[in-house]
Amino acid sequence: MMAETNITVIGAGVLGLTSALVLSKHANVKITVVAKHMPGDYDIEYASPWAGANYLPVGEPGTALCRFERDTWADLDRLAKNVPEAGIHHQPTVLYKRSKDASSVMSQKDPWFKNTVPDFRVIPSSECPAGCEYGTTFTSVCINTAIYLPWLLGQCVKNGVVFKRSILSHISDAAALHHSGTPASITINCTGLSAGKLGGVMDPTVFPGRGQIVLVRNEPGVMGGLSGTDDAADEITYIMQRAVGGGTILGGCLQKDVWESQPDPNLAVRIMKRCVGLYPKLTDGKGIEALSVIRHGVGLRPMRTDGPRVEKEKIEGSWVVHCYGHAGQGYQSSYGSVAEVERLVESIVSEKARL
């Protein structure tokens, strides 16, 4: 149980909303979320609506990201089982590893998460597409961001969280925006890519990882991906069907330090061809012309050279808990990251109580 504490959360992406929700469950905490963009907005600066989003761990063993991903699965699994209105569902998942591609956590035969997700099994090459060394299959989740983000917001509001739109030039300005009229004693910094330009933070290691997707009505019946592509070193192949009628995401690319907000039509064609080639069931073998396109999208993953930053810092005499730099892993590491945020907030409150 915390002492009475006013907290301002900056940012209403998945990490800001999850932080507000988890912290709002403490009886003596009053929370204001301050953000430029809110659920329902679509803007190149606002990464969360563009995400797939799913659970395909990439954190290397021993890293903070690995721990955050491991500690997030139980919550996503629980929501998929028990809270259908959150817009999360389970999906059979198949990942293929080509012989020519370097191995990553996601494409390993023996990844750490094999004991986290259900039904993990290695697929022999005889059951894989041509050129693939092996595959893995398991049950994972996919999230309809257009449903989940507003659901998170609604749960926050139910717990008394107040939302304000504002554009901050310095992190120290956040405390005075608390709805109580009394400045917040703790600020949670969930500003994503904006952490690179926000006064008082100005993290030079933050950079965009441009992603481009095609959202279609076709249903593949499976979620998955391929370990590489011959089209370009920064292009990737993945497919996932969002819950409750959210359509199917076809991806993608990971273009570092690229800020372009408009879809590249040539890249879109390559994405569609790769996905239909890997999953012919998408169009019953009829090619990309049979894809029913809802829209093309571009998002900028909030990347950081050293991975996620979840730590506390005093800035101009006030406590800030940072929670940003999660790249494309914001959803699948959200609850684990916020458990660390909660621990840091509790340590600050306990320290204040002792003074």
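Residue positions begin at 1 at the first shown residue.
Note: Cβ is positioned from N, Cα and C throughout, glycine not excepted.
Record features, source TrEMBL:
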BINDING   Thr191  FAD binding site
BINDING   Tyr238, Arg301, Gly328  D-dopa binding site
DOMAIN    7-336  domain 'FAD dependent oxidoreductase'
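Neighbour count (other Cβ atoms within 10 Å of the Cβ, all protein chains): 29 for the residue listed as 'FAD binding site'. A Cβ within 8 Å of the Cβ centre of Tyr238, Arg301, Gly328, the residues given for D-dopa, is found for these other residues of the same chain: Ala51, Gly52, Gly209, Gly211, Ile236, Gly251, Gly252, Leu254, Ala327, Gln329. Taking every pair among Tyr238, Arg301, Gly328, the residues listed as contacting D-dopa, the largest Cα to Cα separation comes to 16 Å. Between Gly328 (D-dopa binding site) and the residue listed as 'FAD binding site', the C-alpha separation comes to 14 Å. When pLDDT is averaged over the domain 'FAD dependent oxidoreductase' (7-336), the result is 97.
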